[in-house]
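Participant: Handing you a structure now.
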Amino acid sequence: MAKEKYNRTKPHVNIGTIGHVDHGKTTLTAAISAVLSRKGLAELKDYSNIDNAPEEKERGITIATSHIEYETEKRHYAHVDCPGHADYVKNMITGAAQMDGAILVIASTDGPMAQTREHILLARQVGVPYIVVFLNKTDMVDDPELIELVEEEVKDLLKEYGFPGDEIPIIKGSALKALEEAKAGGDGEWSAKIMELMDAVDSYIPTPKRDTDKDFLMPIEDIFSISGRGTVVTGRVEKGIVKVGDTVELVGIKPTQTTTVTGVEMFRKELDEGEAGDNVGVLLRGTAKEDVERGMVLAKPKSITPHTKFEAEVYILTKEEGGRHTPFFNNYRPQFYVRTTDVTGSIQLPEGTEMVMPGDNVKITVELIHPIALEQGTRFAIREGGHTVGSGVVSKILG
């Protein structure tokens, strides 16, 4: 297929397939690429190519993930699929594959199962904002009433976890039949279902805000004093844009301070502005070097606040991944590595949980010894003696 087809003028969206094991996530991923490849919008990816996902390391955690890309008439998509349940959990918690939306695959022969529930909960906790449902294997269910029952069950389950169950598009079809049809060179009723699914994804999952359109935030990595000019803080702009003349806040560790940007530099050249992804030095007016330390963030005023207490969804590494060899208990006090610094904190386990084993994922409450700029969705590593023993994401700010 001609490479020119991938023209980047279309808006880009990251999605993924989620759902219970053997409900057809990987088959659906293959079917989407097969059906769209017939329209010249994707390269045909075989099921086995997707299922033999390469292992990647994200924050020291090994995750098997397949990434495929395709287009619809309206958009360019990057689609992530994981072969194993544990890979999903790790992927969603570490943010290795950020999802702007997800396709929840449910076999109509089984209805929602344990991992269906777990993936919906994880999507809610880690901030996957939109879900579209594909009811798979409808060719294997003779009674349409049974399919309706499954549909109602799915809506209720989504509502239980705070998703708008009645508004979420539910598309019925068969991934396997669509894949067979497309491979045989046909465009039949099953392929049409895949196109219906992609239309729903196009219209229901909004195009995400670009990083440069978000509020400015830069984690501070280093601080220098330039005689006669003031204090320079360096770091990689995480989101937004910073311009000379902007009023900004220094947030975290110490009481919040307000200051003014008097210069932005990159590679020793002066710039008018720095944007998301740039490694910059920002010159601050009237800020003393001792007022700033690594671990603070430079941010648009009032856009982020310092906190010490939060709930989080975490994955604890196995021994094989270089994690702990033993469980931990209530009041465990590791370091939480947030953006650029380690902060000690204590962990409270949920009621009824006595200990957490390596390889578990669990919801915890954390209290840090000093405040850090945090918001829902902030990711962190849990470290002990410089080694990563876990990975997490803030699901709720408590104080």
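The chain as shown is numbered from 1 upward.
Cβ atoms here come from the backbone N, Cα and C positions, even for glycine.
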Participant: Of the ranges 3-10, 19-26, which one does Swiss-Prot list as region 'G1'?
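Facilitator: The range carrying the region 'G1' annotation in Swiss-Prot is 19-26.
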Participant: Which is it, of 136-139, 320-323, 324-327, 384-387, that Swiss-Prot names as region 'G4'?
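Facilitator: The range carrying the region 'G4' annotation in Swiss-Prot is 136-139.
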Participant: Can you check which of 81-84, 233-236, 269-272 Swiss-Prot lists as region 'G3'?
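Facilitator: Going through 81-84, 233-236, 269-272 one by one, Swiss-Prot gives region 'G3' for 81-84.
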Participant: Here are some binding-site residues: Lys25, His85. Which one has the most Cβ atoms within 10 Å of its Cβ?
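Facilitator: Counting every other Cβ within 10 Å of each candidate, the maximum falls on Lys25.
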Participant: Mind checking which residues reach the region 'G2' (60-64)? Cβ under 8 Å, same chain, six or more beyond either end.
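Facilitator: Residues 53-54, 82-84, 87, 90-91, 94, 96, 315, 317, 321-322, 381, 388, 391.
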